[in-house]
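These notes are about the structure you will find just below.
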Amino acid sequence: MAKKGGKNNKSKKEVTPPTSDVEDEVQDKFKEMRLNAFTATGALASKESSRDVKIEQVTLTFHGKELLSDTTVEINFGRRYGLIGQNGCGKSTFFQCLAVRELPIPEHIDIFHLSEEAHPSERTALQSVIDDAEKEVKRLEVLEERLLEEQGPESEELFDVYERLENLDPTTFVPRASEILIGLGFTSQTMLKKTKDLSGGWRMRVSLAKALFIKPTLLLLDEPTNHLDLGACVWLEDYLANYDRSLIIISHSQDFLNAVCTNIIHMTQSKLKYYGGNYDNFVKTKAELEVNQMKAYHKQQEEIAHIKSFIASCGTYSNLVRQGKSKQKIIDKMEEAGLVERVQEDKIFNFSFPPCGELAPPIMHFDNVTFSYSGKEADVLYRNLDLAIDLDSRIALVGPNGAGKSTLLKLMVGQISPTQGFIKKHSHLKMARYHQHAHEVLDLTATPLDFVRSKFAHMNKDTEEWRREIGRFGVTGKAQTEAIGCMSDGIKSRLIFCLMALENPHLLLLDEPTNHLDMECIDSLALAINSFPGGMILVSHDFRLISQVAKEIWVCDNKTITKWAGDITSYKNHLKAQMRDLTKQGALASLKK
């Protein structure tokens, strides 16, 4: 049986964005609380030497809340699983549990959990990937010697080690590592930058590149596309679709899960339920099973009601009483075998943004805007932009990382100012912005109820009204009075959307809003955007959301913005072809060095 979680936490680390010293202390406190607060038990049912893993009677609790109860973990070698479930159901905690072996996973199965960025050092991105590959070769060589000595040359585990060593040929390290890094958005120049000079997002890509290069037996990827632009997303999608070891992905992207996954694991109602096929197959199969389950439920309930009606009509006649007792035994046997349960639907919260008043167009106009962070001509990010935005604008900004998508949103809200030119805004324009570090505004020690109430103290609302406001965004019940720091990132994101709605904006600026949302919540967001009478500008790597809400695709690249002539599907196909060419060219260039 597995030990209590939290006893061996040296490897349990998470990445947080840069904050103040006080915020760091609070973040660390809640991080430690999360990592020490789960307990896991289970019994290994698969062979110790097998690359397949089956663990039965699995129970997982977090802060006393039961996330999994008497369920089975089953991971078959070579399968690619998508782990799905609503925000707060415990997907990331389950990953942590697997990664630190709180469940009895055989030691010969090496696990890589993408949870922290590469360490900042003097080594370049390329060298960092190769360093890990060389360490992996040494580890496998030591393992080879031990297995030969302990199990002999016919060992099952030994064959896998030979295969791994054959694939980790040092003569191919440079071109292979280069191809992966370029696929993840590096150029031949940026991959030669020292990791200490890279941002956290780029160091996370280095960490992902390391995992893809060494190909562990079990790879755990928690929202791997969160730090990627659309080009890197389509490359990773293609790459993982050919991953031939065991892979489990947590992702909010239906497109991504459809392209990559061979199986789906649904974490719901404290159970792990397994489905064959990709996400679309899961939706279809689940719907069919639920229809059949409800038919069986109604049929059984009708049968029980009929039997009970007969028993009630028997009265005191001895022969009828005997028949009644016989009929009661039928019900008793049904209950003993387990009655068919009614389908329990997961709660889906449909939120909305309030109506905004009319404003004369354009509500915002970029007049010959040029921008450079340094102010120097050599560092110009945008040149001579001339753009107009109205209340009916539905725009998706796409383009490579570093092209200036987030910068454009910062210019719009006035966080930064143009180097040249002017941005003219309607005098009554109100904007609400979601960005990738929006969670930093939250007071982790406060409760959602107290925090939202303090942010909008000028609003004359009583406690019940505030509860309803927060509840509309899926933060309900006890969650309203628990510390924000103990909540999942998905719940925190919903709280940010609540704050945005209370601003009553005319224009929504959404920079990667789906990063921590479950699929149902993303669909609710799409509905909220489509019913919102104001304008919307979106930066997202979620192709499905873009297809749901965007009327225009604006490409940010080469210091300007151009409108894409087609839809997001045609742009995705364009990116796929582009990324294939780039990775080939990068691998060839690395061979010539």
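The backbone N, Cα and C atoms fix where each Cβ goes, and this holds for glycine too.
Copied over from Swiss-Prot:
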type: BINDING; residues: Gly85, Gln86, Asn87, Gly88, Cys89, Gly90, Lys91, Ser92; note: ATP 1 binding site
type: BINDING; residues: Gly399, Pro400, Asn401, Gly402, Ala403, Gly404, Lys405, Ser406; note: ATP 2 binding site
type: COMPBIAS; residues: 1-10; note: compositional bias 'Basic residues'
type: DOMAIN; residues: 364-583; note: domain 'ABC transporter 2'
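Feature map: Swiss-Prot annotations on the structure.
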{"residue": "Gln86", "record": "ATP 1 binding site", "DSSP class": "coil"}
{"residue": "Lys91", "record": "ATP 1 binding site", "DSSP class": "helix"}
{"residue": "Pro400", "record": "ATP 2 binding site", "DSSP class": "coil"}
{"residue": "Lys405", "record": "ATP 2 binding site", "DSSP class": "helix"}
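Take the mean position of the Cβ atoms of Gly399, Pro400, Asn401, Gly402, Ala403, Gly404, Lys405, Ser406, the recorded ATP 2 site; other residues of that chain with a Cβ within 8 Å of it are Asp229, Thr407, Cys556, Asp557. Between the CA atoms of Lys405 (ATP 2 binding site) and Cys89 (ATP 1 binding site) there is a gap of 32 Å, rounded to the nearest whole number. Cβ neighbour count for Ser406 (ATP 2 binding site): 18 (other Cβ atoms within 10 Å of its Cβ, all protein chains included). Ser92 (ATP 1 binding site) counts 21 other C-beta atoms within 10 Å of its own C-beta, drawing on all protein chains shown. Shown in sequence order, Met267, Ser488, Gly490, Asp518 are the same-chain residues outside Gly85, Gln86, Asn87, Gly88, Cys89, Gly90, Lys91, Ser92 whose Cβ sits within 8 Å of the Cβ centre of the ATP 1 site.
For Gly88 (ATP 1 binding site), the count of additional Cβ atoms within 10 Å of its Cβ stands at 21 [all protein chains shown].
Over all protein chains present, the Cβ of Gly399 (ATP 2 binding site) has 20 other Cβ atoms lying within 10 Å. The Cβ of Asn401 (ATP 2 binding site) lies under 8 Å from the Cβ of Gly185, Gly201, Leu228, Asp229, Ala232, each on the same chain and at least six residues away in sequence.
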